[in-house]
Amino acid sequence: MKLSSILRLPALLGAMLLGTAAVVEAEHTSNWAVLVCTSRFWFNYRHLANVLSIYRTVKRLGIPDSQIILMLPDDMACNPRNAFPGTVYSNADRAVDLYGDNIEVDYRGYEVTVENFIRLLTDRVGDEMPRSKRLLTDDRSNILVYMTGHGGNEFLKFQDAEEIGAFDLADAFEQMWEKKRYHEILFMIDTCQANTMYSKLYSPNIIATGSSELDQSSYSHHADNDIGVAVIDRYTYYNLEFLENEVRDTSSKKTVGDLFDSYTYEKIHSNAGVRYDLFPGGAEAARSRLVTDFFGNVQNVEVDGSKNTTLEEDMLALSKTIAALRKKADEEEAISVGKEDTTTTETTKEMKNETLLTHKSQFAKPLTDDNWLGKKLSALGAVVGCAVLWQMGSWLESAQK
Amino acid sequence: MPRLLASALSLRRDPRLMKLPPYLSLLCIVVGVVWLFLLPLDDYSRRTYISENALLPGQVHTYFGGSDQNVFRAYKHETDELAGKGNIEVNDKLESIAKGLGLKVGRQNFTYSSAGNTHSGQNIYAILQAPRGDATEAIVLVAAWKNVKGELNRSGVPLVLTLARYFKRWSLWSKDIIFLFTPDSIAGPQAWVDAYHDAHDSSRVASLPLKSGALQGAIALDYTRETRFQSVHIVYDGVNGQLPNLDLINSVNHVAGGQMGMGVAIQEMWKHSNSYHDRLQTMLRGMLKQGLGLASGPHSSFIPYHVDAVTLQPFGDGWQDEMAIGRVIEGTFRSLNNLLEHLHQSFFFYLLMQKERFVSIGTYLPSAMLVAANFTIMAIALWVKSGQPDVQEVITEKTKTAEEAEKIALPNPHVAVERDLFLPLVLVAVCQFLGVVPLYLFNHLSESALIPAFVLFTVLSAILPFLLSNLLHTSTTSTTTQQYHLIRSFSLLLLGMFLSSLATLNFSLAFLVGVFSTPLTFVRPCPNSPILKWLSLVVLYVLSPTTVVFVASVLPGLDEKVGYGLGEVLRQAAFAWDVTGTYTPVVVWCVWWPAWIVGVVSVLGRPGGGDKKMKKA
């Protein structure tokens, strides 16, 4: 029993090593979500329910409230017309109260404006803005941007007063990219003619999806006859259905491609769209991203030091160029000396060479990757040796018994 | 381009041009009337639709029923015992019931006098304050103790009490709900709505002791029958032909017809096959009611204050019970409760021709406008004509001394003649002013004096044109053709102006008056043809305002086998004028009647003399 557990240890170690290698591939270290509802008024209950159901999902998959920016322009839970005060449901079965007692709305009421939304994305905010209302992302952050409301051809209406254009949104994302504010973005939008909204994006590393094409309406899924309003839109409903059934926890291996493949016209009643061309590697790379890369919080850790391959490479390259430059300089010097004084004796030449050599030794030792394999092999040998020693020790121990 | 201009100019001087206006007027009238008859076709009318997103009619389950049936029976028992008792006694009982429900109750006395009669009574109303609302808005549920026909609202009052009790149980109201009980269907609601908006005459109508927020909508229930019913009749005509927002009618139709599966009727069309004939009939009935401008139910008084309101009347024998109409009201109130602002999206100017088909103002307005325009066209033509020398005179002269006449006649047609404006202006102004006399008489005499006054007025108004005509042709004065042209021109100009502006306010009234006045465009002095003269006179007298009022009062009404009778019509008109502020009498006596008088005077005219002026010119 004991032996077998001990035997398992190296295998476990190996698996861990391999595991970390796989994680490093995803290359993001934090997950953020920006969830925006843009409509107010009681009859738009479903838009708030859409956003709150996505909010609930991302929280379920581990994104903490501190990394979710939730924008709700109206308060359906406390609307006097709500037959179930203090609650918001996205399904007529009323199984899950989305409002609950654990919800953090970051922007509410008339704070939900185009200006605030763009300021949030680009982080152009004043000193007085609390951290909870800021998108504190960096170039290792994956962001889920989900928007819902009433849209049209290349615009999305904010409340009843203003609208954001597809160009505004594209420019905001570009600013984010320039400021290294994201690693990858999944942009989802559920409005009428939603696909037009992402058509103007031009920044890299964005996967975009929307509920309906140009001149198509996006429909509600069903109404709750006691609340008296439609409670969720079709596109969001079927996204949720997928997320609830297929992505039960953060270990889910479902990819974004699987999610997109689940959209059908029969379910959504409009042609949901997807845009991969901004993503390096195109459709294939984009589709292979895990759903949890955007909807979940995957705790990747970036360790400074030996793992910092880019720095290592940079140093190596720098050393090489320094070495090359010095060699070149030496040669030039040698030639110039030769030209200058051809009559000087061999000894002086040697002396000069010697001084040069001694001079050379003052520099730091250049880095080389000549013995990379040797290093790796010796390290492996050490590990194997340790393992063998361990095995021998335990074998001896058991033999004594 | 210059050639085109030149040809246009030469056309301007073409004598044939002056022959055109009567035909143009006729064309306007024909097109206007035909237009109206095209409206019921599918190509011209539209299906109704809910325009206000917030309403969401028929999207809620209604729970009125079950034990509420027993509550209803109990209240019905209570109110049945009040039948035949005095207004105050009834209100005492209603107050105790409403207070028992935990509602705030207010009472209001009112006294109107009209045609020598006093209409007094006491309104009672209860306010259900929205549990989670902010008391800035309110919706009203009205049950008049008696409906417009004077029948007891036997099931309506207890049903509203039951609904009050039921609504009190819900916590989802965003607006206060006011339950209003009035002793009658017109004066009571009018007094209450006036006082609610502080627009009342406090000597006649008491102020309200208790108020809520701005009224957003009102539903009145006229439910006299005590047996099961089949369908619900939506009455929507307001005072002076104003209509509630079409969205409200659509919502009720959606809830009653769509959700509850009961029939819906409008304009007393108990059966409607959606054929052209039925559509036309519905539309014409609607136009007639709109044209009369009378209050058609407790809801009518609300509409002038921009509070959209309808009355619901269950009718027909079927299997729907009181709970069903209660659920219709519940569903409609849930929709009104969803409103975020006043109903404003859909149409306020429309003609319904079926419960789900309508034409909007843009489509039907040209009809009345064309009829009104025919008067204006003729008025302009007569004005131009009055500035030209009498062609006939010129021609007769021409035949006498051709060479001489050519010299005079040729330059003449293009130079305006001096117009003698004084006499025409005075005559038309006097006739217009005389219209005040019948208006005052019929609205201030007592009921018993109304019929004699009408007979006397009819006789006087028939003789007046002859008197005026003789006055124009005494030995000292003689009225010229030009003056007759001007008299008719001014009169028609006024008529066209009044009717075209009225068409935007009350399309039906403008159209009806316009159609009855069409002969005025074509009648002219005909001294040489007695046959034409007497024919014109017969047509004018048949279509005179007094004849039309008389015939309309004697003819059977829309439903009744016999007409209301002259006395009743005059009494109602006076009541409408005094209580609800109906302006139809103004249009009849101050717009139509003066134009008619001038029309008859011009037929009787014997133009002559005064030719000297023209010769000079």
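Cβ from N, Cα, C; glycine included.
It should be emphasised that the depicted structure is a prediction, and the values quoted were computed from it without experimental measurement.
For B:20-41 (among others), the entry in TrEMBL reads transmembrane segment.
Marked as transmembrane segment by TrEMBL: B:361-384 (among others).
Tertiary proximity for the transmembrane segment (B:421-442) is limited to same-chain residues at least six positions away from its ends with a CB under 8 Å from its CB atoms, namely 450, 453-454, 457, 461, 464, 468, 472, 479, 483, 486-487, 489-491, 494, 570, 573-574, 585-586, 589-591, 593-594, 597-598, 601. Here TrEMBL flags B:421-442 (among others) as transmembrane segment.
The feature transmembrane segment is assigned by TrEMBL to B:449-472 (among others). With a threshold of 8 Å between CB atoms, the same-chain residues lying at least 6 positions outside the transmembrane segment (B:449-472) that come near it are 115-116, 423, 427, 434, 438, 441-442, 479, 541, 544-547, 549-550, 566-567, 570-571, 574, 593, 597, 600-601, 603-606.
Annotation comment: TrEMBL describes B:492-522 (among others) as transmembrane segment. Under 8 Å from some Cβ of the transmembrane segment (B:492-522) lie the Cβ atoms of residues 22, 25-26, 29, 32-33, 36, 240-241, 286-293, 349, 351, 361, 364-365, 367-369, 371-380, 382-383, 428, 432, 536, 539-540, 543, 545, 548, 584, 587-588, 591-592, 594-596, 598-599, all in the same chain and six or more residues away from its ends.
If one looks beyond the transmembrane segment (B:534-555) by at least 6 residues along the same chain, the residues whose Cβ comes under 8 Å of a Cβ in the stretch are 454, 457-458, 461-462, 516-517, 519-520, 523, 526, 563-566, 568-570, 588-589, 592-593, 596, 599-600, 603-604. What TrEMBL records for B:534-555 (among others) is transmembrane segment.
The transmembrane segment annotation in TrEMBL covers B:586-605 (among others).
Outside the transmembrane segment (B:586-605) by six or more residues, the chain places 427-428, 431-432, 434-436, 438-439, 442, 461, 464-466, 468-469, 472, 479, 484, 487-488, 491-492, 494-495, 498-499, 502, 509, 513, 516-517, 519-520, 523-527, 533, 536-537, 540-541, 543-545, 549 with a CB less than 8 A from a CB of the stretch.
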